[in-house]
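Engineer: Once you've had a glance at the structure underneath, I'll fire off some questions.
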Amino acid sequence: MGHVHVIRILHTTFGIFGNVFGILLFLAPMITFKRIIMKRSTEKFSGVPYLMSLFNCLFSAWYGLPFVSPNNTLLTVLASIGGALEAIYVLIFLIFAPKKEKFKISGILFLVLSIFSIVALVSVLKLHGDKRKLLCGLAFAITCIMMFGAPLTVMRQVIKSKSVEYMPFFLSLSIFNSSTSWAIYGLLGKDPFIIVPNSVGSLLACVQLILYAIYRDSKKKLDVETEGSIETGHEKPQIEIQKNMETYAL
């Protein structure tokens, strides 16, 4: 009986850790959107990462509800906060995006909300018990892996350029802390739908930290080269910089 009590305490503790680290991650894009508001333009930033994050938050919040999966309320708390922030980011993006980009983002947003609504309605009206948990759990796990897989583009760029200039250390560390906390939370709660995607996220974040350790000295060298390029009028194309930044804006 005492063993079960300890596991419950640890389960809640790691859930709280996951919430703290998760909220920090959701707050990270504020710097990007402060820039967008000040310039009244989305420039070359993409709104798709924020839509994918919103997509994941919707399914995370739904999966954590008591009638879908018991004892995962902390997951719903984090996803609700994250979903609200991502919705604000998407709204700001729609306000300042060019007309063509607005149509694109609006279309994807409609698709995201439609898929979520269909899954939610089917799970409530047609499924019960383990079948409901299976459908919602799969949807949650898939969207979670999609979100964690976003930095793969930047990791490839780091290896190619041998520079971590556009792979922030503390962001990678926060992803590692958050996904590891949730993986342990899922392990203690014996929930494979939480364990698997967060283990993937933890592994990918670990690879990012290893890459940072390997190429961190190259960043100093690149900074010197960049200063020299600016002096001679040859700056790194802004579009390339933005492509790397927007991948990390989740």
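Glycine residues also receive a Cβ, built from the backbone N, Cα and C atoms like all the rest.
Just lifted these from TrEMBL, have a look:
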- 6-27: transmembrane segment (TRANSMEM)
- 48-68: transmembrane segment (TRANSMEM)
- 74-96: transmembrane segment (TRANSMEM)
- 108-128: transmembrane segment (TRANSMEM)
- 134-154: transmembrane segment (TRANSMEM)
- 166-188: transmembrane segment (TRANSMEM)
- 194-215: transmembrane segment (TRANSMEM)
Engineer: Hey, which of 6-27, 48-68, 74-96, 134-154 has the most Cβ-Cβ pairs under 8 Å against the transmembrane segment (108-128)?
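Structural biologist: That would be 48-68.
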Engineer: Could you tell me whether the transmembrane segment (134-154) and the transmembrane segment (6-27) are in contact, taking contact to mean 3+ Cβ pairs under 8 Å with a sequence separation of 6 or more?
Structural biologist: no
Engineer: Residues sitting near the transmembrane segment (74-96): Cβ under 8 Å, six or more positions beyond its termini, same chain?
Structural biologist: 12, 15-16, 18-19, 22-23, 26-27, 29, 33, 36-37, 40-42, 45, 47, 50-51, 53-54, 56-58, 60-65, 102, 105-106, 109, 182, 185, 194
